[in-house]
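Step one of this worksheet: look at the structure below.
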């Protein structure tokens, strides 16, 4: 509309963007003298940035990155401009007001966002509009009803906020009271926050409000259902609702059969609706990297010593297997040098050899052969156990606690020892064969080491693959790197300004990821103070993080009820998975890299095909938050641990066989989940009163579980 155009032109003139102003005026056929005093109506929002976000995307108009016409893209981007914010990879429009923009009292993005609520209809008719649409949808054919019902929630929120913003408080309260009970149960928490926004002032600086406004709510609807809706709104001349649909919702239209209620329910529930289908189209290299080749001395003397009967000949064919396995290149794997990975040290090679020897004795699991489970219970953990990790070789276990300590235990007879002091080290013969043994100080040997340094509860811990380092992250906003040679803190990484909920080392070491309350995940390298990548896009806390087995991708789970997969190389988001009805608290990649399992507060485990970007399974059974997920070493079994005090084992082979991933399913998201996930449940194991917070399969497929006994 003309008023908004004028406001944008004035903004461009104030910002000295003459060229953009000229282009926009030519397109809109506005003359120079039309910039008269018609700007008073936009004065409600803060100066400068306000009107930029308020340009409504007109019908059939090409839109730029942030709803402004493409002409704004031709101008060199300034740091303070919203498009620059987008080009820097920041998905939420929160550009820096300190550089090159007008410094204003209020956050400019809030005002920009709110100014879109200026267009207002008759407040007394809002209930009538909404109930009219509700009646129309409920009376439409079954096949359309399920799809169009998705409109109820976003329309309800936007109409309520529009009433509040325009200070029709009593109408807003009446509207909320009348219709909030009709919304789906999984939006209850969001509605609770919404009900506290009763005055225009409350909306300034409110995060939930901003999330809803800056990220268009995505609905996936078939073309038939969309045409039906459009025809109805145009016949009724219900402009208020049509404006909201046009301006605040993103309708992802597909050709084909409308989806059933069951198919829609499986996919919806996140803070911003479903993912756009485009979001999951990018190619993902989910294959594994080729293992480096080196001789595996499986038939040397020490093997004979270990093997009481001394039958090295039996081991020989295994050696060929290992060699031949590493020669094949996975067709779905990324190029070996796509991201720089650390060189293998001699100690790493030794460890790989040990790993292969252990693998030769690994138990093949399956429905007929379930793993034994060894449970580590933390007793008298009055410090409040908040995080657990176990080394890959299952020799050490670490606990992060609410009293800000990190405690490391040895779970083998070998005690934890520190390196000797510098003076003692200088006396050692560096050429001796057992120099690595001699540098350790026997006087320091103990089963437990306590690491002090954090100033708040420790929410995440992670051992490095070579067992030389340990990461911990805390409510104090830092991630700390500890040496397991000296049991001291080496570095404190400061990048997050708020609590850091999770951190994890890459399977190759060197890189690690952290995620926190500031809604972003950060990729770090141990030798850099600053993060290498910042992954921004989630609309709420990043609650859990996981590296893909090939280290080229990172999965993050969030309180916005979505899971995102990020490309380490360029920082792009390559997958968005929606379907959980509560914050995500656990992630696990299958050993072959093809699948991802996720667990949340809704007690469901969802299974995803990474290559096709589709949900392929749903495992129901837990009755509380799932905090731990782990695939067995060969990927046959998925173990899940929950706050309901149980460990459950699922048949992963059966869950992933005969997947329907044809082109139509991929294109439209018509997923068909198996009716009964109980067929996949292989066993449920109760603890007396211990919530399960961590699971780990040893190299021989023994399942280790951990948690703190709770007396309640």
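Heads up, the Cβ atoms here are built off N, Cα and C, so glycines get one too.
Taken from TrEMBL, the feature domain 'TFIID subunit TAF5 NTD2' covers 121-249.
Sequence annotations record features per position, and here TrEMBL assigns region 'Disordered' to 296-348.
The feature compositional bias 'Acidic residues' is assigned by TrEMBL to 296-307.
Per TrEMBL, compositional bias 'Basic and acidic residues' is recorded for 319-330.
The repeat 'WD' feature in TrEMBL is assigned to 378-419 (among others). The list of residues near the repeat 'WD' (378-419) in space but at least 6 beyond its ends in sequence, with Cβ under 8 angstroms from a Cβ of it, reads 351, 354-355, 425, 439-442, 444-463, 465, 467, 470, 472, 474, 476, 482, 484-487, 693-694, 696, 698-699, 702, 704, 706-709.
For the repeat 'WD' (451-486), the list of distant contacts is 345, 347-348, 351, 384, 386-393, 395-396, 398-408, 416, 418-419, 492-505, 507-509, 512, 514, 516, 524, 526: same-chain residues at least six beyond its ends, Cβ to Cβ under 8 Å. The repeat 'WD' annotation in TrEMBL covers 451-486 (among others).
According to TrEMBL, the feature repeat 'WD' maps to 493-524 (among others). Sequence-distant contacts of the repeat 'WD' (493-524), counting only residues of its own chain at least 6 positions beyond either end whose CB sits under 8 Å from a CB of the stretch, comprise 92, 341-342, 456, 459-466, 469, 471-481, 530-536, 538-547, 549, 551, 554, 556, 558, 566, 568.
Look at TrEMBL and you will find 535-576 (among others) tagged as repeat 'WD'. For the repeat 'WD' (535-576), the list of distant contacts is 89-92, 211, 215, 269-272, 275-276, 279-280, 282, 284-289, 333-334, 338-339, 341, 501-508, 511, 513-517, 519-523, 582-589, 591-593, 596, 598, 600, 608, 610, 613: same-chain residues at least six beyond its ends, Cβ to Cβ under 8 Å.
What TrEMBL records for 577-610 (among others) is repeat 'WD'. Helix, strand and coil counts from DSSP across the repeat 'WD' (577-610) read 0 helix, 20 strand, 14 coil.
DSSP assignment over the repeat 'WD' (619-651) gives 0 helix, 20 strand, 13 coil. Residues or ranges marked as repeat 'WD' in TrEMBL: 619-651 (among others).
Per-class residue totals from DSSP over the domain 'TFIID subunit TAF5 NTD2' (121-249), listed helix then strand then coil: 101 helix, 7 strand, 21 coil.
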